[in-house]
Amino acid sequence: MKKLHFGLFENAQANDTGRATWRHPDNQRDQYDTLEYWLKIAKICEEGGLDFLFLADAWGWAEVNGVRPDVASIEGLDLPRLDPFIVASAILAHTEKLGVVMTGSTLLEQPYAFARRMATLDQLSKGRVGWNIVTTGTADTAVKAFGVPMVAHDERYAMADDFVQLVYKLWEGAWEPDALTKDKQGAFANPTKVHAISHEGPYFRSEGYGNSAYSPQGTPVLFQAGSSPAGRAFGGKHGECMFVGGGSVEQLAQHSRAIRAAAVESGRDAGSVRVMAEFRCIIGETEEDAQRLYQEVLDSQTPEVTVASYAWFTGLDLSAYDPATPMTDLHTELSQSQVSRFAGMTVGDVLKDWHEHGAGSKAFVGTAEQVADRIIELAEGADLDGFLLAPVIQPGSTIDFVEKVLPILRERGALGESRGATLRERLVESDEATITGDHPAVSYRAQAPAIAV
Ligand SMILES: Cc1cc2nc3c(=O)[nH]c(=O)nc-3n(C[C@H](O)[C@H](O)[C@H](O)COP(=O)(O)O)c2cc1C
């Protein structure tokens, strides 16, 4: 039986991209801007035995292509949101075991400051943080917001590669793990274990000493979710955990194979990358009960959200077409895959489909036993290492999952075991808190000359 790991997908905003279920009477996501909300969610995750809480993030506005930009404000879509690093800091202060994974953009962050921010959180949490490396899909509006030049899709991955090389030097090479002696009769730090770094890359430069000492994990656990050829190659080289969207056993198996092949291509072991799929579910006492709960969720979202959300991806206003219009009659210069994947369907069919799950994965609707069966089927059929639970209603979805599904998985021997207190030991089941083996970060460890004594 595969040993699985679980994280919770969260977003410090009232809805997830392209969906708006904040109106559901039981949904507390609209409280995303209170400390109480985050501490409640973190406690459920920690006590329930989830490995980590994941905080997604985005910059820029999805409504840029919108036919109804007002819907974004009316429904709290995408904006406003809070800074995931500051939310994480509060969560880490109130938990002891839970990992927290933050999304940070290599297009928009400054690597030197970013390295220190991550090291600070890793230090204060005793090694419980991870970084979801993103190149920012909404780059067109994000660069306008930041007032910086646009960088094309594949070049953003070249930039990400340069970014990570610099932060590896700072995390792994600037201060050796045992540099701090804090000996009041001797030295605070051993100068022979402190190294100047030098980085002159195509996008980023840095010279001199690292601003923070070696943290418990050194490099935080590295997550990535690129799915384009450039994204896959980057993930294969740098990712320790790769996220994929939801899908059928066959679709997930294809993703999992491609990710492991990309790792091998980069000279790494296929098994050194953990593959985790997004998973959304509605759990009922019976199948009928689950279907009723699902319908309540669907009814809580207005039809305007569906129209506006589809338009963000494609620029097309489906409400302007006769519902019987075949999708093959439509054309867009934006996301063509969001039109072509509906070939054979009508505008009316797509409105219904998009209302249910937007561009994301379809929810699995059933009893706790059926959910556990499905998880095992997906994990075994697609060679997955775990799942990122995407809640539909908070905190209800998370409570249902940890109280009803995890015990079944535990009983069936499908839950992974932690080897230590840090996120890396817990999730990657490594014997070491720091990054090891064939990962490129290892090669940056203390290679520069130390301070002369
Ligand atoms: C589970 C999951 C979570 C993701 N979270 C984020 C996120 O928080 N922020 C973001 O900008 N992109 C996020 N993405 C998008 C990916 O980083 C990536 O841009 C996307 O999969 C497309 O890949 P590509 O850029 O290589 O084409 C996520 C993707 C998945 C599957």
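Residue numbering: from 1, along the chain as shown.
Cβ atoms here come from the backbone N, Cα and C positions, even for glycine.
Positions annotated as FMN binding site by TrEMBL: D57, T103, H153, Y157, S227, S228. S227 (FMN binding site): 15 other CB atoms within 10 A of its CB, across all protein chains.
Feature annotation from TrEMBL assigns domain 'Luciferase-like' to 23-380.
Contacts of T103 (FMN binding site) defined by a Cβ separation under 8 A and a same-chain sequence distance of 6+ are given as F54, L55, A56, D57, P84, W131, N132, V134, in order along the sequence. Per-site Cβ counts within 10 Å over the binding-site residues D57, H153, Y157, S228 peak at Y157.
Per-residue pLDDT, averaged across the domain 'Luciferase-like' (23-380), gives 94.
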